[in-house]
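Here is what Swiss-Prot records for this protein:
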{"type": "BINDING", "residues": "Asp12, Asp144", "note": "Mg(2+) 1 binding site"}
{"type": "ACT_SITE", "residues": "Asp12", "note": "active site"}
{"type": "BINDING", "residues": "Glu72", "note": "Mg(2+) 2 binding site"}
{"type": "ACT_SITE", "residues": "Glu72", "note": "active site"}
{"type": "ACT_SITE", "residues": "Asp144", "note": "active site"}
Amino acid sequence: MSITTPRILGIDPGLRVTGFGVIELHGKQLVYVASGCIKSNDKESLPERIKTLFAGISEVIATYQPNQAAVEKVFVNVNPQSTLLLGQARGAAISALVHADLPVAEYTALQTKQAVVGHGKAAKDQVQAMVVRLLNLPGAPTADAADALACAIAHAHGGQGLGAMATAGYRIRGGRLIG
């Protein structure tokens, strides 16, 4: 990887499971590097779980050496307690990224889905299918890893969705990526 090659770490934060995905942008081509999940033990205290997420993301950064990061923004849940817990997990992720001196971009789930699938109301399986297609993967990553990869893809295309992909040379018809 040269210093000019964007290597983007996408993060889908969660207290139980945080997805990560690393891609590179070679000219106009997206290249898959790695993806996976960082899991915390729900039997541990909240501070221990936050520590696990911070350490896990720090390890991903050390292993894959990204030079940019994209994180999914928190949505307001019906349950305020769930929203607060998700916000704390997101804070751990952003702290690890900033601690590694990475620039951090933030995208809502709607922006990410719009960028990858073409509409903001896409189901998780649609996001997974488009991630597989855009990155030419042999199989579908887990939902959390796919969401993280989708966030990285949205960032790679400037968060501009399928319009940016068409400009990058992808063929789009009726809001869908084709052959």
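Cβ atoms here come from the backbone N, Cα and C positions, even for glycine.
Small disclaimer: the values here were computed from a predicted structure and weren't measured.
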Neighbouring C-beta atoms (10 Å sphere around the C-beta of Glu72 (Mg(2+) 2 binding site)): 25
Number of other Cβ atoms within 10 Å of the Cβ of Asp12 (Mg(2+) 1 binding site) across all protein chains: 28
Rounded inter-Cα distance in Å - Asp144 (Mg(2+) 1 binding site), Glu72 (Mg(2+) 2 binding site): 11
Cβ neighbours of Asp144 (Mg(2+) 1 binding site) where a neighbour is any other Cβ within 10 Å: 24
Helix, strand or coil at Glu72 (Mg(2+) 2 binding site) [DSSP, three-state]: strand
